[in-house]
């Protein structure tokens, strides 16, 4: 057989559709490509058997005709893309194309290995050997058996049977009982029993290879896939996809229609704005660039025309304005995913009600005052309804009196609320007396002339718990001594070091030492702002005001803060100016803090502006709270951790061009904030970790914090699981549970879920609560990066009456902690041909996301994932090495050398590909040279088609479907 993983194929034959006229071409010419299945057949004579195979026939039935390719373009099926003809030569010479082309060749190789040949037929050709779902007791006892039947048209000998698997430990799960060198006579059957045995939940896959020898001594193999799933069938059945995944079609939308608007919600403010909020619309030339060309072309044009120079004080406003417009264009496009077709509104009093599935989960995010557009085909009017009320998954909208009414059906679109973006643009253009010290501070503008050398033991603390924490005390004292006109002071607070506690103590001390101080305390989210306000409850409602956006849902406000809010009617508003000016502390989100500027509050009214969790917001968002409101004397304090989650930016272009770098992170990269120069003067780093056991903290501490963090948690908490049966090693409370599952999607949702991991998560939760080291379900948290997996795990836990276990994304757990954290990584690949595995990791390979997920646990951290896929990323590989070398490993064995040093810049996907190539070459070595499947077809009894073709990748479009990259 001539198919190998390293062949150089002639591109003229594969993609040109004709003979190769290049006399110097060294590529393989006896080859043919099936565009539909993305399979390269070599020799070309194998193509005829391929197109009669079951996978090709299945793809023919389900796949639409290949899309039209415009002139001067070439379709590249292996890469699932259309390439400009002028770039074709460079494309087929590139490394990415070479890898995808090898993948197409490997598909053919697997297909050939699984085909019946030489007159020998093996049962289970269509489905492989599938043991189905085996319960844990039966699997552990080895009671699950399947029998293969083998027949032949001529005398052959079954020399031996072997099992191969991507995960070495899967080989031992499948055992065969067959005598070596068993003769197989014509018209007689040979039975090969296969037994599955394993004692852990999960999905187990391998390949059975039957090695035959003809009477002339010629050897060949026939392979069959092996699959067994250990678990409960009813539980798994409840989680399976409700419908096959299909990409949701775009709802047709007609533009340039007459727009009729409904009534706005009740008036928000008791006083008038003194400054107009300008529209800040996307410039037409920029919008046109964003709508045309390929991603590389758009990025190149933007870099040349809009970002020709690096960020500086002189271009700061234009630089970030362009980034905001690029992000806005992506947000508008993403919101179209939620467009609805052929829906009906119901009358509800004077309003109209629309049911929106996913609304309660913020998919889409809709607030009071937002606009919903409704159109009818062939009608020349667009009705713009304004949201007045939200009830779970129903929105109540006011439409124009001409709205047609009940019984009519509409296409519905959600209009982006541009107010937050307009506020950020407003902040960028706002005048400031000292922009340089805010944006690009220089040495000499440090907050302190000399570091605080000691703490004032006479000072009475409002929170006595920090009395023995010297870094916190130094931070508080530094903040109270900041010089007017200095650069922003940064409080670097790694996980569990108490940065918010420190900020709150500093605010109390400022108010105590400086009675005339007026403080604006902000955070990017309502939840983070609420935490600040809740920790300042020693202040009275006359001293502190919690400012809320008019659209905020009252149920989301902690009851303890009700007295600190202003809600005279059904919406949150602002009190009169004189009342606002009397508050000592105003707490707000960063975006909503612009109220002070827009109602005319004097610049410099706030003596101090604090921004907690400053690393989680973009620079324009942070500046909304700072730049328009600060005078030369205003002290700015930022607290956060640039090593944890940054701002959520939807546009990959905006991320790449700089919007993903937070204000805090950018400042910390300036010379003023270097560890050698700025520590104690421009920033303070907290180092005492009161959250986690040392084994949980050690790896992120080394990777992100130069091993400076000190374990200071109460032993009664952080040592709670030492000796627990849930640990692999009794004194190491970190477990990596390696499990090979499969990625699923359902209906029109592109989000992934993994049933095998979800079931394992539930098993851990149930077992942990039985052990009683966790007295309350609320002390367990489950982190998973995909929304679909969140829903599946919540469903399992709800069915088990375990609703108090918090299940959420990494973002939802930022700033939170639990006694036990279970992480489900979701992404897996049961396809041995996963060449784009690094891409398949999606945002799992984001270092800051990794850091947050791994630092939420106090006493026990359990990570569940596909080790082979995760090992592609150096950060994950090194973490798994750390766990394995400390005897915390459970499940499938690592597929790599855990003792080998990890190269942070290495592409470990190549290692996976090489292992695959070795595996496939071992298969091909068992096939005769230049074997022509078609030539043997007359020996077959009802020719058995090949059956290992992969799912058609052209249809899939190569898309990942991950949400928050």
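Even glycines carry a Cβ here, placed using N, Cα and C.
Automatic prediction, not curation, is the source of TrEMBL annotations.
Secondary structure by DSSP for the domain 'Helicase MOV-10-like beta-barrel' (338-414): 4 helix, 38 strand, 35 coil. Residues or ranges marked as domain 'Helicase MOV-10-like beta-barrel' in TrEMBL: 338-414.
For 490-538 (among others), the entry in TrEMBL reads domain 'DNA2/NAM7 helicase helicase'.
Annotation source TrEMBL lists domain 'DNA2/NAM7 helicase helicase' at 580-651 (among others). Note on the domain 'DNA2/NAM7 helicase helicase' (580-651): mean pLDDT across this stretch is 96.
Annotated domain 'DNA2/NAM7 helicase-like C-terminal' per TrEMBL: 660-867, in sequence order.
Residues or ranges marked as region 'Disordered' in TrEMBL: 929-965.
What TrEMBL records for 956-965 is compositional bias 'Gly residues'.
In terms of DSSP helix, strand and coil, the domain 'DNA2/NAM7 helicase helicase' (490-538) has 24 helix, 8 strand, 17 coil. DSSP labels the residues of the domain 'DNA2/NAM7 helicase helicase' (580-651) in these numbers: 21 helix, 15 strand, 36 coil.
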